Amino acid sequence: MLVDVVPVGDLSAKVKRQASTALRSVYDCDVTIHDSQPVPTGAHDEKRDQYRAEEFIELAGRVGSGEKNIAITPKDLFYRRRNYVFGLAYLDGNGSVISTYRLQTSSDGGFSNRSAVEIFSDRVRKEVVHEIGHTLGLEHCDNKRCVMNFSPTVREVDVKEENLCGSCQREVL
Ligand SMILES: [Zn+2]
Ligand SMILES: [Zn+2]
């Protein structure tokens, strides 16, 4: 499988590298980094001052050259009635997205004494693995350690691991 990472907006080289390493290690796939894309016109909701996640998924699916494609953006995303989302993907789709915007909050819920930079990198890794999991047909998993656990706040993101649990693994690997 080839996964194409599509940076949308101004994204650091480190984030691209973290995303690519995590995907390779969990899915044993090839990963390419696409040329940076401008934020899709029309994605911005002026009233909320946030961006519609669906538009980034559409963009990733359209320009990405992988069987699966993931947009990564520093913009703050929302989806329907949810105040914000860290990421979004459709089950079995070929496009997906994550936002780094809300992953930067320094608090890690007191789990570790890791630096803010490391915590942020871990979150990016987990979120890309999570969204690509959805594109492979995985739904949310009840195992709190599994990367497919639903994590509406960074606290849940920090609790889970970067890997798929045994039963999720058996479904896709
Ligand atoms: Zn999810
Ligand atoms: Zn699982």
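Heads up, the Cβ atoms here are built off N, Cα and C, so glycines get one too.
Database features (TrEMBL):
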type     : residues                       : note
ACT_SITE : Glu131                         : active site, proton acceptor
BINDING  : His130, His134, His140         : Zn(2+) 1 binding site
BINDING  : Cys141, Cys146, Cys165, Cys168 : Zn(2+) 2 binding site
Inquiry  = Neighbour count, 10 Å Cβ-Cβ cut-off, for Cys146 (Zn(2+) 2 binding site): what number do you get?
reply    = 21
Key: Inter-residue C-alpha distance, His134 (Zn(2+) 1 binding site) and Cys168 (Zn(2+) 2 binding site) (nearest angstrom)   = 11
Query = Cβ-Cβ under 8 Å from His130 (Zn(2+) 1 binding site), same chain, 6 or more residues apart: which ones?
reply = Gly87, Val147, Met148, Ser151
Inquiry  = By a 10 A CB contact count over all chains shown, which of the binding-site residues listed here is most packed: His134, His140?
reply    = His134
Ask   = Among the recorded positions His130, Glu131, His134, His140, which have a Cβ atom lying under 6 Å from any atom of ligand 2?
value = none
Ask   = How many Å lie between the Cα of Cys141 (Zn(2+) 2 binding site) and the Cα of the residue listed as 'active site, proton acceptor'?
value = 13
Message = Cβ within 8 Å of the Zn(2+) 1 site centroid (His130, His134, His140 excluded): which residues?
response = Ala89, Glu131, Gly133, Leu138, Glu139, Cys141, Val147, Met148, Phe150
Message = Can you tell me how many other Cβ atoms are located within 10 Å of the Cβ belonging to Cys165 (Zn(2+) 2 binding site)?
response = 18
Inquiry  = Are there any residues at least 6 positions away along the chain from Glu131 (active site, proton acceptor) with a Cβ closer than 8 Å to its Cβ? List them or say none.
reply    = Ile70, Gly87, Leu88, Ala89, Ser96, Val97, Ile98
Nonlocal neighbours by CB distance (under 8 Å) for Cys168 (Zn(2+) 2 binding site), same chain, sequence gap 6 or more = Gly133, Leu138, Cys141, Asn143, Cys146, Val147, Met148
Query = In the same chain, which residues outside the set Cys141, Cys146, Cys165, Cys168 have their CB within 8 A of the centroid of the CB atoms that define the Zn(2+) 2 site?
reply = Leu138, Asn143, Arg145, Val147, Met148, Asn149, Leu164, Gly166, Ser167, Gln169
Note = Cys165 (Zn(2+) 2 binding site) sits from His140 (Zn(2+) 1 binding site) (Cα to Cα, rounded, in Å) at a distance of 11
